[in-house]
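What TrEMBL says about this one:
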DOMAIN    6-166  domain 'Arginosuccinate synthase-like N-terminal'
BINDING   Ala9, Tyr10, Ser11, Gly12, Gly13, Leu14, Asp15, Thr16, Ser17, Gly118  ATP binding site
BINDING   Tyr88, Asn124, Arg128, Ser176, Glu260, Tyr272  L-citrulline binding site
BINDING   Thr120, Asn124, Asp125  L-aspartate binding site
DOMAIN    175-391  domain 'Arginosuccinate synthase C-terminal'
Amino acid sequence: MTTDPVVLAYSGGLDTSVAIGWIKERTGRDVIAVAVDVGQGGEDLEVIRRRALACGAVDAVVADARDEFATEYCMRALQANARYQGVYPLVSALSRPVITKHLVQVARDAGAHTVAHGCTGKGNDQVRFEVSITSQAPDMTCLSPVRDLALTRDVAIDYAEKHELPIETTKHNPFSIDQNVWGRAVETGYLEDIWNAPTKDVYTYTDDPTYPPLPDEVTIRFEAGIPVAVDGVELSPLGVIEELNRRAGAQGIGRIDLVEDRLVGIKSREIYECPGAVTLLEAHAELERVTLEREQARFKRQVDTRWSEIIYDGQWYSPLKASLDAFIDDTQRHVNGEIRMILHGGRAVVTGRRSDTGLYDFSLATYDSGDTFDQSSARGFIDIYGLPVKLAAAREARLAQADAS
Ligand code: ARG
C-alpha cells in the first residue's frame with residue numbers, strides 16, 4: 001500500500017480546505033497543501049497557509065510565482081497574440097502550467113507521487129492540471145477529490161461544519177471565479193442562461209466603461225515582442241501588466257462575454273475581465289503589423305491560432321508547443337518600438353507607432369512627390385499575377401459559347 005503523501009493544489013477556499021481531511025479519510029494518506037501566487041490578489045497567502053495546517057495538512061507551502069508567471073507565461077501568450085476562439089486571452093489556461101510546475105517540485109522534494117487538485121469533472125482545468133503534471137512527471141498520478149472521491153459541494157459544507165473547519169460555508173457567492181494577473185474569469189449562477197446580461201457585481205478588475213474618466217494616453221515600448229516600458233518608465237513584465245490593469249481597468253477595457261467550446265465538448269459561457277492583457281495584445285499586434293514581413297505575418301497568424309488552441313487544451317508541456325515557440329521566438333527578433341494608445345470608454349485604440357526595425361517605408365508608401373516606388377513595373381506584375389485567373393475566365397467564356405451554339 002502507498003503511504004507517501006498527496007500534494008494538493010490549495011486555494012484556501014471551501015472545496016480544497018475540505019479536501020485535505022477528505023483525502024486523508026478516504027485514502028489514509030497525509031496531505032501537503034501548496035498555494036501558488038499568480039497574482040490573484042485577495043487573501044494573504046500566509047493566512048491561507050495557516051488555514052491549510054488548521055484543516056489538517058501535514059505541511060503547507062506558499063510559492064510566489066507572480067514574476068515567473070508574468071515573464072514566462074503571460075509574455076509568451078502575448079508574443080503569440082493568444083486569444084482562444086479569437087477572443088479569450090487564456091487567463092486560466094496559462095496559470096495551470098506554472099501552478100503544476102510548483103506542485104511537481106514540492107512533490108519531488110517530499111518524495112510524493114500523487115498530486116491532487118480541486119477541479120470538477122466537467123471543465124478544462126482538470127485536463128490541464130493532469131496533462132501538465134504527467135507531462136512533467138510521467139511517474140506521478142493525479143487525484144481529483146471532487147471527481148474521484150465524490151466530494152460534492154453539499155458534502156463539503158456538511159464536512160466543514162461537522163469538523164468546525166476555519167472556513168466560511170454560509171457566504172453565498174453564486175459565481176465560480178478564477179483570477180490571476182492576466183485576468184479574471186467568472187461563470188455559473190444566472191450567467192448559465194446565456195440570454196442573461198451580466199450584472200455589475202460580476203466585475204472587479206474593470207470599472208463600467210459607460211461612464212469613463214477622461215481619456216488616458218499611454219505609450220508602451222517593446223523589445224523583441226516584450227513590453228519593457230510604459231510612458232518611458234522601465235518596468236518588469238509583471239509591472240507592465242499591473243500598471244495597465246490599473247489604467248485600462250479604470251476605462252472598462254477588456255470585458256469579454258464569451259460562449260466557448262470546452263475541450264470536454266461542452267459549450268459554456270464565461271465572463272472575462274482582462275484590462276492589461278487586452279491592451280497589451282492590441283499594442284503587440286499593431287507593432288507586429290509594422291515589423292513583420294508580410295508572408296511571415298500571414299503564417300504566424302495560423303501558428304498563433306494553433307498555439308492558443310493547444311494551450312487552451314492543456315498542452316503547455318507538449319513537443320508541438322516547443323516547436324511553435326521556436327517559430328514565434330524567431331519572429332519576435334525585430335518586434336521593437338513604441339505604440340501609443342488612447343485608453344477610453346472600454347477601448348484601447350492605437351494612435352501612433354514607431355520602430356527602428358520596422359518595415360514601413362514612408363518613401364515607398366507616400367502619394368506625395370518624391371516617392372521611390374516604380375509604378376511602371378506595376379503593369380507587368382499585374383499582367384502575370386492575373387494570368388491564371390484570366391485563362392480560366394477565357395475557358396468559361398469559350399465553353400458557354402459552345403453550349404449556346
Ligand atoms: N473557461 C475558462 C477556461 O477554461 C476559465 C475556467 C475557470 N473559470 C472559472 N470561472 N472558475 O480557461
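Cβ coordinates are placed from backbone N, Cα and C, and glycine is handled just like the others.
Cα distances from Gly13 (ATP binding site) to the binding-site residues Tyr88, Thr120, Asn124, Tyr272 are smallest for Thr120.
Largest Cα-to-Cα span within the L-citrulline-binding set Tyr88, Asn124, Arg128, Ser176, Glu260, Tyr272: 19 Å. The local packing around Ser11 (ATP binding site), expressed as other Cβ atoms within 10 Å of its Cβ over all shown chains, amounts to 22.
Residues Asn124, taken from the binding-site residues Ser11, Gly13, Asn124, are distinguished by a CB atom under 6 angstroms from ligand 1.
Sequence-distant neighbours of Tyr272 (L-citrulline binding site) (same chain, six or more apart, CB under 8 Å from its CB) are Tyr88, Pro89, Val91, Gly183, Arg184, Ala185, Val186, Gly254, Arg255, Ile256, Asp257, Leu258, listed in sequence order.
Between the alpha carbons (Cα) of Ser11 (ATP binding site) and Thr120 (L-aspartate binding site) lies a span of roughly 14 Å. DSSP gives Gly13 (ATP binding site) a coil state; it is part of no helix or strand. In the structure as shown, the Cβ atom of Thr120 (L-aspartate binding site) sits within 10 Å of 15 other Cβ atoms. Across the fold, the C-alpha of Asn124 (L-citrulline binding site) and the C-alpha of Ala9 (ATP binding site) stand 16 Å from each other. Proximity of Ala9 (ATP binding site) to non-local residues of its own chain (separation of 6 or more, Cβ distance below 8 Å) is seen for Thr16, Val34, Val36, Ile99, Thr100, Leu103, Val115, Ala116, His117, Gly118, Phe129, given in sequence order. Rounded to a whole number, the C-alpha distance linking Ser176 (L-citrulline binding site) with Ser17 (ATP binding site) is 16 angstrom.
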